[in-house]
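According to TrEMBL, the features are:
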BINDING   B:Gly73, B:Glu96, B:Leu97, B:Asn129, B:Ser130, B:Leu149, B:Thr227, B:Glu228, B:Glu229  S-adenosyl-L-methionine binding site
ACT_SITE  B:Asp152  active site
Amino acid sequence: MEETLIEEGETNKDIEVAPALIAVHPTQKSVAVAVGSDLRVFDFQGVSAVSLVDDTSGPFHKDSIRAIRYSADGNLFVSAGDDKVVKIWSTESWCCICTVPSEKRVSAVALSNDSLYVCFADKFGVVWVVDLDGFDGNQMLVNKKAAPLLAHYCSIITSLEFSPDGRFVISADRDFKIRVTVFPKKPLDGAHEIQSFCLGHTEFVSCLDFVFTSDYPQGFLVSGSGDSTVRLWDISSGSLLDTCEVGAKAELLESNGKEEECSLAITDLCTFPDGTLIAVATQSLQGIVLLSCDLSTRTLSITRVVSIMGEAFIPTSLGMSSSAGLLWMVTGVSNLHRFDNPPLARVRIVSGFEKSSPGDPTVLEDNEILGGDKLLEKLQGSVSVEEKVFLAAAEAVKTAMSNLLVKKQYSTEKREFRKRARNDRKIKQ
Amino acid sequence: MLENEANPTLSKSTGLPRKRFYRARAHSNPLSDSHFPVPTSPCHVDFSLHYPQFCSSSDQIDSSKKIQFADIGCGFGGLLISLSTLFPDTLMIGMELRDKVTEYVKERILALRVANPGQYQNISVVRTNSMKYIPNYFEKGQLSKMFFLFPDPHFKEKNHRRRVISTHLLDEYAYALGVGGIIYTITDVEELGDWMKACLESHPMFEALTEEELEADPVVKLLSSATEESQKVARNGGQTFQAVYRRIMPAA
Ligand SMILES: C[S@@+](CC[C@H](N)C(=O)[O-])C[C@H]1O[C@@H](n2cnc3c(N)ncnc32)[C@H](O)[C@@H]1O
């Protein structure tokens, strides 16, 4: 992997930016946004910004946060990223109860459905597990260390997810692969039994989620990819059930006649609690694509595009609670050298998905948002964000994503040249 | 003059490809990114190109036949060639990272097919990085034997993760092997032999074959004699260390 990174020498600090992320508490008690090393939480019960408390070894994050997630019961929150630590927070006190060191940068996190285990993936393809057994919600956990759970050989893991029944842990990578592994009774001894591989994507896999209903409690996996499709899978066999060309639709809308030569990567997706809808964010699309999901026929279809009018907003991350029916979107980026700190983010919300609600889903205006200016000030960094900032952000995120995840195709000559350059460097050392 | 007209990469006496025209770098880095085509999934591999005789057959059983043996890091292909006649009805494939070596094995097999009509139809080779792409070639439980003969030792501690046998990679091999399938490993490097044995011994989905089982398995004898590397080791009177394990169901 070191070699891979050197070979892909474009790993340039300037373009190595991290997208803004958003996560919503399962019953919408709070919402969290991560931009760069900043973790921002707004609490709806107190209607106030949360001040995080971190008395663990190294307080707060020191480099870009790459993954955030609430536990299924909402009592825990996990954040992790380029500073090679995983922080576990109590959402009651918003105290950091534990900082777990990682050997490498962290690219994805997940919690087991019973909140007993935190899993995280590093950029070398190893998934680690930390047990929280015995944690009662208050005390700090000291000297927690992670044990290796499984590995994708030298690939960047982009997403981790537990199946709704908790039996499987799903890991996706830049090598187009989705692996379904039985989550064992003793995870600290490793997860050795592979249930299936879901193979069909032709570019990096960027995001995973499950759709499930009371009729289909085990649910089906949905994945988004750099190949601009969203796919539906049966994880027990690894069979591909349906493929939806979301990028093509987004491209049609976006290009407005001008030629876009590359297809648009899916950046994030978010399934709705009732298992019938999936919101999809793609590079360059100012809005989201809504897919409807029919589990009885195992099909996906595009139902509509929700465009964001009046402002060039391209979401970098999506989030939803399991109850409130609001889709949260954020756009933003860790560091943009042309703009001042602190890193800015822009938050928008779509409402009106309920079948009972009159009319179409609509993007709420800032003054319609629960929490109002206080919320925006906390999560965005300021009440109003200049449009050019987040357009630049979306562009930077797109470049960073393709630098990180898309495989370079070098000509033979260029490859030879790069090899020689590498040897030269070795000799000098 | 005549010599120049003939294909110089084929030996005049045997019609087989000559190894010196297929010399390659001693080692390829299995970690660096691939520049060869990778099948999206096992159903995207066109095996009729590899085993034309088996696949052209109208016999239903034959055309639905799947590869059962995989020789990982097959090198110049000696093992495949020995196994081919020992198991004439079993499809087998070599996986090799080095381009030139893969080309050599391809030519070697084609030449053997020409020289021995009806034979060597069950073996083939692909250029790939087995550490990354085993699931792209094989379905769950498809294989009954996997071979790791004289793999690169990667002595340095920081390079151990490049070793082709590791706890994590064994998870994938256990996926590709059916229950009862056998994994064969051998090396002339004692440290690597200990490492491979330790990885297999501690893995919940593998158990060692007994002495009697090893004795009864005709394939075990080939490990130290059939490949180019094993012959080199034997010529130099080197010691070898083998570990042969069976894929089992993990205890629930
Ligand atoms: C020392 S040779 C042994 C060859 C053969 N098994 C023999 O016994 O003669 C090891 C071989 O493994 C190949 N190899 C190393 N890493 C590999 C990988 N990741 N995938 C496929 N082949 C690999 C090397 O190119 C080399 O040909």
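Placement of Cβ uses the backbone N, Cα and C atoms for every residue, glycine included.
Curation plays no part in TrEMBL annotations; they are all automatic predictions.
Projection of TrEMBL feature records onto the structure.
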residue	record	DSSP class
B:Gly73	S-adenosyl-L-methionine binding site	coil
B:Leu97	S-adenosyl-L-methionine binding site	coil
B:Ser130	S-adenosyl-L-methionine binding site	helix
B:Asp152	active site	coil
B:Thr227	S-adenosyl-L-methionine binding site	coil
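Counted within 10 Å of its Cβ, the other Cβ atoms near B:Glu229 (S-adenosyl-L-methionine binding site) come to 19, all protein chains included. Each residue contributes its Cα atom, and for B:Glu229 (S-adenosyl-L-methionine binding site) and the residue listed as 'active site' these two points are 11 Å apart. Taking the C-alpha atom of B:Asp152 (active site) as reference, the shortest distance to any of the binding-site residues B:Gly73, B:Leu97, B:Ser130, B:Thr227 belongs to B:Gly73. Counting other CB atoms no more than 10 Å from each candidate's CB, the recorded positions B:Gly73, B:Leu97, B:Ser130, B:Asp152 peak at B:Ser130.
In sequence order, B:Gly75, B:Phe76, B:Gly78, B:Leu79, B:Leu149, B:Phe150 are the residues of the chain that are 6 or more apart from B:Thr227 (S-adenosyl-L-methionine binding site) and have a CB within less than 8 Å of its CB.
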